[in-house]
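Student: Take a look at this one; I'll ask things after.
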Amino acid sequence: MEKFTIKDLTDNLKFEIISGQDKLDTEIKSYGINRAGLELADYFKPFKDQSEWRATLMSTKESGYMLQFDEETKIKKYTQLMKCGIPVLIITNKFKDKTLIKVAKRLNFPLLRSDYPITIQLVQKIQDIYDIYFSPTAEEHAALMNIFGTGVLIKGKSGIGKSELCLDLIKHNHLFIGDDRIILTNKSNKIIGRVHPILKNLIEIRGIGIFDIVKSNGYQVIMNESPVELVVELVEYKEQNIDNSDRLGNDWSKFKILGVEIEHIQIPVSAGRSLVNIIESAVAQFKINKSKQFENVFDVIHKRTKEFLSSKK
């Protein structure tokens, strides 16, 4: 897990920094957002480790509660809150008590303000950022495309043609997420893939070199991230002169990523095969398999065979 700091939060959500500018490198170690209701009512849950304290949010309800107290009481409550171990305080524009700002500046405590009009939307945005840093993460040497609305992780040994396949898929109006280094994150038991920031929008084609997909094809072919629903593994068509590839369309297996099982299929690569059409067909079949229209191919063949034999009697 990457180190997650107050600065990461402010950079991603463009918060106004009211105080504690020199403490933005403070690490946020606990997942989630806390509302300050109980703490403002003088109840502080004892933690063995200070790092268990979450970032704390205050908005309309907390403001209304605090405005009923005199100045001395408010200063005492805010001071207790800022000294209890929380890493940062976030307020919305709906928080009207200016005493908080006065106390935060006196203590040089990290206080941020958001202009999000709806508090629940702000909480969701913060949680989305947290997911990037706190969720289980892995890295795959692969490419990631979104094909017909389905996130497809394309694996295979180096030099087998993953990048070239991505380029062909882009020409077919499918969306490019990344190539070579794909970062996979488990968010609520769903695998989300994105490219390593260093390689964003870049692709390497042997014989040509590295070039920028945005500059050559435009922003319309780019996605920042995508759920991964299908893993396609490119394999050599023949190994030791034996063709082990599936010919009946029943060889769908599972590929485990961060504890989540993803549909997986191997596609043999050989000269003369149109990989783009094969990949598109594989994704189409995957979508059919998930739909109510799915019918097992062996059942279909068995049914047709019986009908054919019956017609010959």
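In case you wondered, yes, glycine gets a Cβ from its N, Cα and C as well.
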Student: Pick from 34-39, 196-201, 214-219, 268-273: which range has region 'Important for the catalytic mechanism of dephosphorylation' per Swiss-Prot?
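Tutor: When 34-39, 196-201, 214-219, 268-273 are checked in Swiss-Prot, region 'Important for the catalytic mechanism of dephosphorylation' belongs to 268-273.
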Student: Provide the three-state secondary structure of Ser163 (ATP binding site) computed with DSSP.
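Tutor: For Ser163 (ATP binding site) - judged by DSSP and reduced to three states - the answer is helix.
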Student: Tell me the Cα distance separating Lys157 (ATP binding site) from Asp180 (active site, proton acceptor), rounded to the nearest angstrom.
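Tutor: Computed Cα spacing between Asp180 (active site, proton acceptor) and Lys157 (ATP binding site) is 11 Å.
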Student: Sorry to bug you, but what's the C-alpha spacing from Ser163 (ATP binding site) to Glu204 (Mg(2+) binding site), rounded to the closest Å?
Tutor: 7
Student: Could you round the CA separation between Lys162 (ATP binding site) and His141 (active site) to a whole angstrom and send it over?
Tutor: 10
Student: Under 8 Å Cβ-Cβ from Gly156 (ATP binding site), six or more apart in the same chain: what's there?
Tutor: Ala142, Lys162, Glu233, Leu234, Val235, Val269
Student: If you draw a 10 Å sphere around the Cβ of Asp180 (active site, proton acceptor), how many other Cβ atoms fall inside it, taking every protein chain shown into account?
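Tutor: 19, counting other Cβ atoms within 10 Å of Asp180 (active site, proton acceptor).
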